[in-house]
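Student: What follows is a single structure, and I will ask about it in a moment.
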Amino acid sequence: GISGGQRRRVSLACGLSSMAQVFFADEPTSGLSGTDAEACIRYMRLLAKKMGLTLIVAIHQPRPEVACLFDHLLLLTANPGKVVYNGPMRDAQRVWEAVGYPVPEFANPTDHYLDLVTPGTRCGHPEVFVKYYEDNFRQGVDELVTAEIDKPLKTAMELLQGRRLLMEEFGELPPVRNTVYGVRFSEQLRRVFCKQLRLSVRDPLGIGMEMGVAIGQSIVIGFVYLNVGDKPAYTQMLFYFMLAMTVALVGMKVMPKLIDERLVVKKETSEALYSDWAYIISFSIINLISGVIGNTIFVVVVFWMSAAPWDIFPVVFCWTTLLYVVMDSVYTMVAAVAKDTTGAMTLALPFLTLFLLYNNFTVYRDILPVFMKWMISLSPVAYTIQEIAAAATELDPDGFSSIATQRDYRSQPGVALAVMATLWVVFRGLSVVCLKCLNNIRR
């Protein structure tokens, strides 16, 4: 972990890095040593002078070296809060002397100021300073405020353009745009995509682990169905069923990853570092490509070990890949809704029940009641098994025709593709909406 002082300095640096035109700091030096406090205030003064920023700091009894770094002092008393001084820091000692309470020799001026204007203390005389301010400074301050209010002020775009001109001496900057983002969306997308790609490559549990798991999983399952292509048609159909079910389940690995990244992304997008869409597109592309590669490795290795006829492989590969893409969109939507991994697993159960139970192999239309037959028409697993079985029947009608007749397997690629595409669009759209609207940072 980090110390309280380090945490405060990092927090202060994050705020200053935004380069806002007006910066409010509430006790930025609390918990810091005198040297660190002076360094922080000195850096803030440098930014104010060099970049033309306005920094408003609430600070309690700073050391003299820190106090002299401020241009202006607004001093308040309590119970009720009233102004006792509002003017240049360098003139404060003369005012206290004029009131009749000069700063003693070798005393900290800020300690002396606060002791005299704090109600209830032994040496406090806040009412004297309030009256002196009302009699000598209040009217001048009010006139200055009125005059400044009537002045035409710069627009937000003019302020940003002025800051850009100041910063251009340090290097080339993008032009000022009337948006919360500093660069075009294409630049956001490029940078976020490169960042996500680097993180995926560096992560020991990322792409490399995903490929390793796909190979290991395919070898284990491949040994279970070793040379199943030489066995009866029903046994081969069990293999295709297992293949579809495994592909439908393997995409669940995306949920913990998305949930872990979501907090960081929400913080960064809430600071307008980049658009939600830049992350959504980047994550979707990288996750889809890595997932399809892993699914390809799994299907190819398992199919090779099964000794199934390679004539049917294009059909098997095509529909299992489409099944993976659809189920990946389901898991992405669930991860966008859930607050944590446990909640995601619970929320995923209804969709798994719908799509995996109504699979058109162990549960098919003829054994379902009339009012439940429509569930088969919504299951991407059911369409995957149906298309694979229909292709197997064409290659080996003697072996698979009885299975196809019993379960009414007919090749309907258009219907299957339309249903799976619709499911993908619906769940992908819901995942985008949920990711943007739910689990936001509360400030």
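Glycine too: its Cβ is placed from the backbone N, Cα and C atoms.
Owing to the predicted nature of the structure, the values given are computational and were not obtained by experimental measurement.
What TrEMBL records for this protein is below:
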DOMAIN    60-117  domain 'ABC transporter family G'
DOMAIN    187-386  domain 'ABC-2 type transporter transmembrane'
TRANSMEM  205-226  transmembrane segment
TRANSMEM  238-256  transmembrane segment
TRANSMEM  277-306  transmembrane segment
TRANSMEM  312-331  transmembrane segment
TRANSMEM  343-361  transmembrane segment
TRANSMEM  415-438  transmembrane segment
Student: Looking at the stretches 205-226, 238-256, 277-306, 312-331, 415-438, which one shares the most CB pairs under 8 Å with the transmembrane segment (343-361)?
Tutor: 238-256
Student: Six or more residues out from either end of the transmembrane segment (205-226), which same-chain residues have a Cβ under 8 Å from its Cβ atoms?
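Tutor: Same-chain contacts beyond the flanks: 199, 239, 242, 246, 250, 253, 290-291, 293-295, 297-302, 304-307.
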Student: For the domain 'ABC transporter family G' (60-117), how many residues does DSSP put in helix, in strand and in coil?
Tutor: 24 helix, 13 strand, 21 coil
Student: Same-chain Cβ contacts of the transmembrane segment (277-306) under 8 Å, 6 or more residues past its ends?
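Tutor: Non-local partners: 185, 188-189, 191-193, 195-197, 200, 207, 210-211, 213-215, 217-219, 221-223, 225-229, 239, 243, 246-247, 250-251, 254, 257-258, 261, 265, 269, 313, 316-317, 320-321, 324-325, 328, 332, 428, 432, 435.
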Student: For the domain 'ABC transporter family G' (60-117), what's the model's average pLDDT?
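Tutor: Across the domain 'ABC transporter family G' (60-117), the average pLDDT comes out at 92.
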